[in-house]
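Record features (TrEMBL):
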{"type": "DOMAIN", "residues": "47-313", "note": "domain 'G-protein coupled receptors family 1 profile'"}
{"type": "TRANSMEM", "residues": "36-62", "note": "transmembrane segment"}
{"type": "TRANSMEM", "residues": "74-94", "note": "transmembrane segment"}
{"type": "TRANSMEM", "residues": "106-127", "note": "transmembrane segment"}
{"type": "TRANSMEM", "residues": "148-171", "note": "transmembrane segment"}
{"type": "TRANSMEM", "residues": "191-216", "note": "transmembrane segment"}
{"type": "TRANSMEM", "residues": "262-283", "note": "transmembrane segment"}
{"type": "TRANSMEM", "residues": "295-316", "note": "transmembrane segment"}
Amino acid sequence: MNSSLEAVTPPLPAPFCLLQVGYSQIVPTCLLEVTVILLLTVLIVSGNLLVILVLHCTPLLGQHSSSAFIRTMAYADLLVGASCLFPSLSLLHRLQGLDPGLTCQLFGYVVSVLKSVSMVSLACVSVDRYIAITRPLTYASLVTPCRVRCCVLLTWLYSALVFLPSFLGWGKPGYHGDVVEWCAVEWRTRPAFTAFIVALLYAPASFAVCFTYANIFKICRQHTREISERQARYRPRPPGGAAEPRLHYHQHTYPDKRYATVLFRITSVFYILWLPYILYFLLESGGLYQHPAVSFLTTWLAISNSFWNCLIYSLSNSAFRKGLKRLCSFCLVSA
C-alpha cells in the first residue's frame, strides 16, 4: 500500500539551482537563490515606493524637468522589483502547469523593457542637464513640460519596440529568468540579436551619457575657474564696486553643478553594476563563455541597481531628504 501511495504522489523534482549550493532536502528549494531574490525584492519595492511618495509629496523636487525621468525610473524599478517574484515562485514550485516557453518569453520581454526604460531615462536625464548648463537662457523654451511628457512616452514606446523581436522568437534578452530551467537551457542567446540590442540601446545610451557628463563637468570647471579668477581680481575692491552681477551667475552655476553631480552618481553606479552583466551577456551570446553561477551573480548584481538608484538619490539630494522628513512627520502625526 505504501508503494502504491508513493507511485501516486511522487516527490517534487530537485530545483534548478544556478549557484549549486544551499539546496535543502527538508525544504526542496534553492535556499541561497531564494534568499537573495526575496531580499532584493523587499529592498527594491520598498525603496522605490518611498521615492515615488516623496516625489509626489514634495513640489520642490518637481521644479527640475529631470524629476519626470527620475519618477519614470522609480516606477520602472518598482515593477522590476515586483517581477522578482516570478523566479522566486518558480524556485518554490508555485508555477507548475504554465507553458515554460511562453512564460519565459513574456516575462523576459516585460523585464527587458523595464530595464531599458531605466537606461534610456538616465540618458534623457544627462541630455536634460546638458541643455540646462549649456543653454541656460533658452532652456525653459527648449525643455517644456509637454516635450518632457512626450520624451517619457517615447522612452516606453522605444523600449517596447526594441525588445519586441525577442518576444517574437528572434533571440533571448539577458534577464533574471534564468533561475527557471527552461529559460536557461532551452532558450539560447543569438549573436545577431545581441548586436541589434547593443546597436540600438546600449551603445547610444552609453555614448549620450559619456558625452553629456564629460562636457557638463568641463563647463562647470571652466565656470569655477573664471569665477575664482574674477573674485581674486576684484577682492580689494572699493565700497560700491561692481561685480555684483557675477554673484548671481555664481549662485546659478553651483546648484546646477550639484544637481548634475547627484545624477552623475546615479548614472555611474548604474553602469558599474551593469557592466559585468553586459560583458557576460556578450560573451554568452558569442559562445565564448557560459557559467550558471556567473550568470546568476552578474544578473542580480545588475538588478540590485534598482535599489541603489533610490538610495543614492535620497542620500545625495537635500530637497529629497527634506521631503522625506516632512513625509515621516506627517505619517507620525496621522498615526
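Every residue gets a Cβ built from N, Cα and C, even glycine.
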*asked:* Can you work out whether the transmembrane segment (36-62) touches the transmembrane segment (295-316), with the criterion being 3+ CB pairs under 8 Å where the paired residues are 6 or more apart along the chain?
replied: yes
*Count the CB pairs under 8 A between the transmembrane segment (191-216) and each of 106-127, 148-171, 262-283, 295-316, then give me the winner.*
106-127
*Quick one: average pLDDT across the domain 'G-protein coupled receptors family 1 profile' (47-313), no decimals.*
79
